[in-house]
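Q: Before I ask anything, let me first share the structure, which is written out below as C-alpha coordinates.
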Amino acid sequence: MSLESVSSLPEMLEVWQETLNWQPTNDQQNQLQKLYELVIEANRYVNLTRITEASEFWEKHLWDSLRGVAPKQHFIDILNHGASVIDIGTGAGFPGLPLSIIFPNSQVTLLDSTRKKINFIDSVLNDLPLTNAKTMVGRVEEIGQESKHRENYDLAVIRAVGSVSACAEYSLPLVKKGGLAVIYRGSWTKEENQSLENAVHHLGGEIELIEEFTTPLSNSIRHCLYLRKVKNTPVSFPRPVGIPTQKPL
Ligand code: SAM
(Lines of atoms letter the chains of each structure in order from A and count residues from 1; the text may use other names and numbers.)
(Lines give C-alpha, C1' and ligand atoms only; values in the text may rest on other atoms or scores of the structure.)
Protein backbone atom coordinates (compact mmCIF):
# COMPACT_ATOMS: atom_id res chain seq x y z
CA MET A 1 0.00 0.00 0.00
CA SER A 2 1.31 3.46 -0.81
CA LEU A 3 -0.12 6.34 1.19
CA GLU A 4 0.70 10.03 1.21
CA SER A 5 3.64 10.79 3.48
CA VAL A 6 2.55 11.64 6.99
CA SER A 7 5.71 12.95 8.55
CA SER A 8 8.46 13.84 6.12
CA LEU A 9 6.86 16.61 4.04
CA PRO A 10 9.21 19.63 4.23
CA GLU A 11 6.47 21.89 5.63
CA MET A 12 5.68 19.33 8.35
CA LEU A 13 9.35 19.18 9.29
CA GLU A 14 9.39 22.95 9.69
CA VAL A 15 6.39 22.79 11.99
CA TRP A 16 7.97 20.07 14.15
CA GLN A 17 10.94 22.39 14.59
CA GLU A 18 8.95 25.57 15.24
CA THR A 19 6.37 24.16 17.62
CA LEU A 20 8.12 21.31 19.38
CA ASN A 21 11.72 22.46 18.95
CA TRP A 22 12.94 19.18 17.55
CA GLN A 23 12.73 17.11 14.40
CA PRO A 24 12.34 13.38 14.12
CA THR A 25 15.33 11.52 12.66
CA ASN A 26 14.93 9.77 9.30
CA ASP A 27 14.40 6.47 11.11
CA GLN A 28 11.72 8.01 13.30
CA GLN A 29 10.01 9.57 10.27
CA ASN A 30 9.93 6.13 8.67
CA GLN A 31 8.42 4.66 11.82
CA LEU A 32 5.75 7.39 12.01
CA GLN A 33 4.90 6.76 8.34
CA LYS A 34 4.71 3.01 8.94
CA LEU A 35 2.49 3.59 12.00
CA TYR A 36 0.15 5.63 9.80
CA GLU A 37 0.01 2.88 7.16
CA LEU A 38 -0.64 0.20 9.78
CA VAL A 39 -3.47 2.21 11.38
CA ILE A 40 -5.13 2.85 7.99
CA GLU A 41 -4.85 -0.80 6.99
CA ALA A 42 -6.22 -2.12 10.32
CA ASN A 43 -8.97 0.51 10.34
CA ARG A 44 -10.63 -1.44 7.52
CA TYR A 45 -11.37 -4.26 9.98
CA VAL A 46 -11.26 -2.69 13.48
CA ASN A 47 -12.76 0.66 14.39
CA LEU A 48 -9.59 2.47 15.49
CA THR A 49 -9.92 6.09 14.39
CA ARG A 50 -11.99 8.50 12.29
CA ILE A 51 -8.82 10.40 11.39
CA THR A 52 -7.47 8.89 8.18
CA GLU A 53 -6.29 11.76 5.97
CA ALA A 54 -2.49 12.20 6.15
CA SER A 55 -2.22 15.81 7.33
CA GLU A 56 -5.04 15.37 9.85
CA PHE A 57 -3.41 12.20 11.18
CA TRP A 58 -0.13 14.07 11.45
CA GLU A 59 -1.73 16.95 13.38
CA LYS A 60 -4.34 15.24 15.57
CA HIS A 61 -2.53 12.02 16.37
CA LEU A 62 1.23 12.54 15.94
CA TRP A 63 1.79 16.23 16.68
CA ASP A 64 -0.88 16.38 19.41
CA SER A 65 0.56 13.31 21.19
CA LEU A 66 4.01 14.90 21.36
CA ARG A 67 2.79 18.42 22.18
CA GLY A 68 1.72 17.20 25.63
CA VAL A 69 5.34 16.70 26.70
CA ALA A 70 7.09 19.24 24.49
CA PRO A 71 6.73 22.44 26.56
CA LYS A 72 8.56 20.99 29.54
CA GLN A 73 12.30 20.51 29.16
CA HIS A 74 12.08 18.39 32.31
CA PHE A 75 9.90 15.86 30.42
CA ILE A 76 12.29 15.73 27.51
CA ASP A 77 15.16 15.10 29.95
CA ILE A 78 13.45 12.32 31.87
CA LEU A 79 12.05 10.73 28.70
CA ASN A 80 15.55 10.69 27.24
CA HIS A 81 16.87 9.06 30.42
CA GLY A 82 14.63 6.05 30.91
CA ALA A 83 11.36 7.44 32.33
CA SER A 84 8.57 4.95 32.86
CA VAL A 85 5.36 6.09 31.17
CA ILE A 86 1.84 4.68 31.16
CA ASP A 87 -0.72 5.65 28.51
CA ILE A 88 -4.18 4.99 29.97
CA GLY A 89 -6.94 4.15 27.44
CA THR A 90 -4.45 4.24 24.59
CA GLY A 91 -6.96 3.13 21.89
CA ALA A 92 -4.96 2.86 18.64
CA GLY A 93 -1.84 3.95 20.59
CA PHE A 94 -2.15 7.69 21.21
CA PRO A 95 -0.34 9.41 22.76
CA GLY A 96 1.83 6.41 23.80
CA LEU A 97 3.12 5.12 20.44
CA PRO A 98 4.52 8.46 19.17
CA LEU A 99 6.15 8.95 22.60
CA SER A 100 7.84 5.57 22.45
CA ILE A 101 9.03 6.21 18.85
CA ILE A 102 10.49 9.65 19.65
CA PHE A 103 11.93 8.68 23.06
CA PRO A 104 13.54 5.26 22.57
CA ASN A 105 15.07 5.34 26.06
CA SER A 106 11.69 5.64 27.76
CA GLN A 107 9.70 2.57 28.84
CA VAL A 108 6.10 2.95 27.72
CA THR A 109 3.16 0.82 28.90
CA LEU A 110 0.06 1.01 26.69
CA LEU A 111 -3.11 0.12 28.57
CA ASP A 112 -6.59 -0.36 27.16
CA SER A 113 -9.64 -2.33 28.25
CA THR A 114 -10.42 -3.43 24.66
CA ARG A 115 -8.58 -6.59 23.59
CA LYS A 116 -8.82 -5.93 19.83
CA LYS A 117 -7.14 -2.52 20.19
CA ILE A 118 -4.32 -4.05 22.20
CA ASN A 119 -3.98 -6.83 19.59
CA PHE A 120 -3.54 -4.12 16.96
CA ILE A 121 -0.87 -2.36 19.05
CA ASP A 122 0.96 -5.67 19.62
CA SER A 123 1.19 -6.07 15.85
CA VAL A 124 2.51 -2.49 15.51
CA LEU A 125 5.21 -3.12 18.16
CA ASN A 126 6.24 -6.18 16.21
CA ASP A 127 6.18 -4.56 12.75
CA LEU A 128 7.95 -1.26 13.46
CA PRO A 129 9.68 -2.77 15.55
CA LEU A 130 9.54 -1.01 18.94
CA THR A 131 11.22 -2.63 21.91
CA ASN A 132 10.65 0.06 24.55
CA ALA A 133 6.87 -0.36 24.71
CA LYS A 134 4.60 -3.08 26.03
CA THR A 135 0.86 -3.56 26.21
CA MET A 136 -1.64 -4.44 28.89
CA VAL A 137 -5.34 -5.29 28.61
CA GLY A 138 -7.43 -4.25 31.60
CA ARG A 139 -9.53 -1.67 33.36
CA VAL A 140 -7.44 1.07 34.90
CA GLU A 141 -9.58 1.01 38.06
CA GLU A 142 -8.20 -2.53 38.71
CA ILE A 143 -4.65 -1.95 37.41
CA GLY A 144 -4.37 1.10 39.71
CA GLN A 145 -4.92 -1.15 42.73
CA GLU A 146 -2.20 -3.67 41.76
CA SER A 147 1.01 -3.14 43.73
CA LYS A 148 3.26 -3.63 40.70
CA HIS A 149 1.60 -0.72 38.91
CA ARG A 150 0.43 1.54 41.71
CA GLU A 151 2.70 4.59 42.23
CA ASN A 152 5.13 3.02 39.76
CA TYR A 153 5.29 5.47 36.81
CA ASP A 154 7.20 8.74 36.34
CA LEU A 155 4.58 9.95 33.91
CA ALA A 156 0.97 9.00 33.12
CA VAL A 157 -0.67 10.31 29.95
CA ILE A 158 -4.38 10.11 29.23
CA ARG A 159 -6.28 11.44 26.22
CA ALA A 160 -10.02 11.28 25.50
CA VAL A 161 -10.91 8.71 28.16
CA GLY A 162 -13.64 10.50 30.13
CA SER A 163 -14.45 13.44 32.37
CA VAL A 164 -11.59 15.34 33.89
CA SER A 165 -12.22 14.02 37.40
CA ALA A 166 -12.33 10.42 36.10
CA CYS A 167 -9.05 11.02 34.24
CA ALA A 168 -7.47 12.35 37.46
CA GLU A 169 -8.73 9.32 39.42
CA TYR A 170 -7.43 6.94 36.73
CA SER A 171 -4.01 8.53 36.41
CA LEU A 172 -2.76 9.89 39.76
CA PRO A 173 -2.79 6.53 41.65
CA LEU A 174 -0.37 5.11 39.04
CA VAL A 175 2.14 7.98 39.33
CA LYS A 176 5.13 7.93 41.72
CA LYS A 177 5.37 10.67 44.31
CA GLY A 178 7.04 13.59 42.49
CA GLY A 179 5.85 12.35 39.09
CA LEU A 180 3.28 13.90 36.77
CA ALA A 181 -0.02 13.04 35.13
CA VAL A 182 -0.79 14.79 31.85
CA ILE A 183 -4.46 15.00 30.86
CA TYR A 184 -4.98 15.93 27.20
CA ARG A 185 -8.23 17.87 26.59
CA GLY A 186 -9.93 19.78 23.80
CA SER A 187 -11.99 22.61 25.28
CA TRP A 188 -11.87 23.60 28.95
CA THR A 189 -14.40 25.37 31.17
CA LYS A 190 -14.43 27.05 34.59
CA GLU A 191 -16.79 24.32 35.90
CA GLU A 192 -14.24 21.66 34.90
CA ASN A 193 -11.60 23.63 36.77
CA GLN A 194 -13.60 23.32 39.98
CA SER A 195 -14.19 19.61 39.50
CA LEU A 196 -10.49 19.03 38.72
CA GLU A 197 -9.40 20.90 41.87
CA ASN A 198 -11.72 18.81 43.97
CA ALA A 199 -10.58 15.50 42.47
CA VAL A 200 -6.88 16.32 42.65
CA HIS A 201 -7.21 17.30 46.30
CA HIS A 202 -8.55 13.79 47.15
CA LEU A 203 -5.90 11.99 45.12
CA GLY A 204 -2.65 13.39 46.54
CA GLY A 205 -1.97 15.73 43.65
CA GLU A 206 -1.66 19.41 42.84
CA ILE A 207 -2.53 21.24 39.63
CA GLU A 208 0.85 22.41 38.38
CA LEU A 209 -0.18 23.96 35.08
CA ILE A 210 -3.14 24.21 32.72
CA GLU A 211 -1.91 25.13 29.30
CA GLU A 212 -3.99 26.30 26.34
CA PHE A 213 -2.62 26.11 22.81
CA THR A 214 -3.78 25.75 19.22
CA THR A 215 -2.87 23.00 16.80
CA PRO A 216 -0.61 24.09 13.92
CA LEU A 217 -2.69 23.19 10.84
CA SER A 218 -6.36 23.62 11.75
CA ASN A 219 -5.89 26.02 14.70
CA SER A 220 -8.05 23.85 16.96
CA ILE A 221 -8.05 24.69 20.67
CA ARG A 222 -6.35 22.21 23.01
CA HIS A 223 -5.56 22.10 26.72
CA CYS A 224 -3.05 20.04 28.64
CA LEU A 225 -3.46 19.70 32.39
CA TYR A 226 -0.29 18.87 34.33
CA LEU A 227 -0.93 17.29 37.74
CA ARG A 228 1.97 16.80 40.15
CA LYS A 229 1.76 13.91 42.62
CA VAL A 230 2.75 15.39 45.98
CA LYS A 231 1.72 12.66 48.41
CA ASN A 232 0.55 9.05 48.27
CA THR A 233 -2.96 8.49 46.93
CA PRO A 234 -5.33 7.06 49.59
CA VAL A 235 -5.86 3.30 49.04
CA SER A 236 -9.56 3.80 48.36
CA PHE A 237 -8.64 5.30 44.94
CA PRO A 238 -9.15 4.43 42.18
CA ARG A 239 -12.62 3.23 43.20
CA PRO A 240 -14.08 0.04 41.65
CA VAL A 241 -14.79 -0.28 37.92
CA GLY A 242 -17.36 2.23 36.70
CA ILE A 243 -17.57 4.29 39.92
CA PRO A 244 -15.20 7.11 38.81
CA THR A 245 -17.57 7.88 35.92
CA GLN A 246 -20.87 7.18 37.74
CA LYS A 247 -19.95 9.14 40.89
CA PRO A 248 -17.35 11.72 39.88
CA LEU A 249 -15.22 13.10 42.71
N1 SAM B 1 -6.29 7.73 23.89
C2 SAM B 1 -6.72 7.38 22.54
C3 SAM B 1 -6.79 8.62 21.66
O4 SAM B 1 -6.79 9.72 22.20
O5 SAM B 1 -6.84 8.46 20.43
C6 SAM B 1 -8.05 6.60 22.55
C7 SAM B 1 -9.23 7.35 23.07
S8 SAM B 1 -10.71 6.38 23.01
C9 SAM B 1 -11.90 7.63 22.82
C10 SAM B 1 -10.87 5.84 24.71
C11 SAM B 1 -10.17 4.52 24.98
O12 SAM B 1 -10.12 4.32 26.40
C13 SAM B 1 -10.90 3.33 24.39
O14 SAM B 1 -9.99 2.60 23.59
C15 SAM B 1 -11.38 2.53 25.60
O16 SAM B 1 -11.35 1.15 25.37
C17 SAM B 1 -10.40 2.96 26.68
N18 SAM B 1 -10.94 2.93 28.05
C19 SAM B 1 -12.09 3.52 28.48
N20 SAM B 1 -12.25 3.31 29.81
C21 SAM B 1 -11.19 2.57 30.23
C22 SAM B 1 -10.81 2.02 31.50
N23 SAM B 1 -11.57 2.20 32.58
N24 SAM B 1 -9.66 1.31 31.58
C25 SAM B 1 -8.89 1.13 30.46
N26 SAM B 1 -9.21 1.62 29.23
C27 SAM B 1 -10.35 2.33 29.12
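Every residue, even glycine, has its Cβ placed from backbone N, Cα and C.
Because TrEMBL annotations are produced automatically, they should be read as predictions rather than curated entries.
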Q: Report the candidate from ARG67, ARG159 that shares the S-adenosyl-L-methionine site with GLY89, PHE94, ASP112, SER113, THR114, VAL140, GLU141, as recorded in TrEMBL.
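A: Looking through ARG67, ARG159, the residue TrEMBL assigns to the S-adenosyl-L-methionine site is ARG159.
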Q: Please give the S-adenosyl-L-methionine site's span as the largest CA-CA distance among GLY89, PHE94, ASP112, SER113, THR114, VAL140, GLU141, ARG159, to the nearest whole angstrom.
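A: Per the listed residues, the maximum Cα distance equals 20 Å.
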Q: Kindly assign GLU141 (S-adenosyl-L-methionine binding site) to one of the three DSSP-derived states: helix, strand or coil.
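A: It is helical.
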Q: Using all protein chains shown, find which of the binding-site residues ASP112, GLU141 scores highest when you count other CB atoms within 10 A of its CB.
A: ASP112
